[in-house]
Amino acid sequence: MTHKISVLHQDKKFDFSLRPKKLTEFYGQKQLKERLDLFLRAAVQRKEVPGHCLFYGPPGLGKTSLAHIMANTVGKGLVIASGPQLLKPSDLIGLLTGLQEGDVFFIDEIHRMGKTAEEYLYPAMEDFKVDITLDSGPGARSVRLDLAPFTLVGATTRAGMLSEPLRTRFAFTGRVDYYNEEDLVAILSRSAQLLSIEANKETLLEIARRARGTPRLANNLLRWVRDFAQMREGNCINSVVAEKALAMLLIDNLGLNEIDIKLLSVMIDFYQGGPVGMKTLAMAVGEDVRTLEDMYEPFLILKGLVQRTARGRVATPLAYEHLNRNPKDK
């Protein structure tokens, strides 16, 4: 079945509107949503500020969206910062003192905060107070300021890098995991409606199975298919068009992209399937270690294509099969 795409000139407006505004619009993550819903409604019922929350998991899975939803649920403001920008106490104090009662203060990549800035968070999280130093030298003095009660929401792709004093100050901790294809289709269906794209379930499934379990990527691929259909297929979209559009991005039917294939090929063709160290792989494919560990390796492990061992990464029989290679004797 073929559909027509309504070409709009309002994508800037839709960029933000694709983000869910309440938990009922947030598909997937069933157990996490149930816990968070109870946690938030209990605080609202008591007319209290919700406790501090930490969300961790791979990038693109909705951690920032959950912070927006929390702010909408309690009906207060949302202040957003990034861990790498908060290196010194002075980077943090202005944000803390500017918060209004009930605001949600979201720190993305919270594991990358500076140590001294992090220590200033402790009294702010526990007692809603912060110490500032006035003047310098012998005349320096410390003044404790009261802060408006707020909810800190931290997001991280590396929960293990958080210090224990910071981690234990969060009242709610939730892991955001990869999405299954059914949930991604539901997300894509909502996004397609907001973008005025008509696409049947078969077409959305074609996109979902290549989206690496990640809503952010799924929405980006949906837009790409829309653009491809507009420029190459007379605005007509169906599963065949979607497949052609995604093939142009070098994304295969498992969702593997050019870097994924390169990683597996290097492991199999040059290192007999491994084990091989991540530093070696990074040099071979021209990426840094952290990028490979955060963006590529988790999905390859999830799909059963790579195993981590004490000696390095190993390509599995599934990897050989997917690349049409014959396992070699080691």
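Along the chain as shown, residues are numbered 1 onward.
Just so you know, glycine gets a Cβ as well, placed from its N, Cα and C.
Around PHE128 (ATP binding site), the C-beta neighbours below 8 angstroms that are at least 6 residues distant in the chain are ASP146, LEU147, ALA148, PRO149, PHE150. Under the heading ATP binding site, Swiss-Prot lists LEU18, ARG19, GLY60, LYS63, THR64, SER65, GLU126, ASP127, PHE128, ARG169, TYR179, ARG216, citing sequence analysis as support.
Sequence-distant contacts of THR64 (ATP binding site), defined by Cβ-Cβ distance under 8 angstroms and a gap of at least six in the same chain, are ARG19, ILE80, PHE106, ASP108, ALA155. Among the features that Swiss-Prot reports, Mg(2+) binding site is placed at THR64, with the record citing sequence analysis.
Proximity of ARG308 (DNA binding site) to non-local residues of its own chain (separation of 6 or more, Cβ distance below 8 Å) is seen for GLU297, ILE301, VAL314, given in sequence order. DSSP classifies ARG308 (DNA binding site) as strand under the three-state reduction. Taken from Swiss-Prot, the feature DNA binding site applies to ARG308, ARG313.
Here Swiss-Prot flags 1-179 as region 'Large ATPase domain (RuvB-L)'.
What Swiss-Prot records for 180-250 is region 'Small ATPAse domain (RuvB-S)'.
If you take every residue in the region 'Head domain (RuvB-H)' (253-330) and average the pLDDT, you get 88. Sequence annotations record features per position, and here Swiss-Prot assigns region 'Head domain (RuvB-H)' to 253-330.
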* Return the residues near LEU18 (ATP binding site), defined as same-chain residues 6+ apart in sequence whose C-beta is under 8 angstroms from its C-beta, sorted by sequence, else 'none'. => SER191, LEU194, LEU195, ASN219
* **Assigned conformation of PHE128 (ATP binding site) - DSSP reduced to three states** => coil
* To do: Just jot down the residues in the same chain as GLU126 (ATP binding site), at least 6 apart in sequence, with C-beta under 8 A of its C-beta; none if empty.
  => ARG169
* When DSSP states are grouped into helix, strand and coil, how many residues of the region 'Head domain (RuvB-H)' (253-330) land in each? -> 42 helix, 9 strand, 27 coil
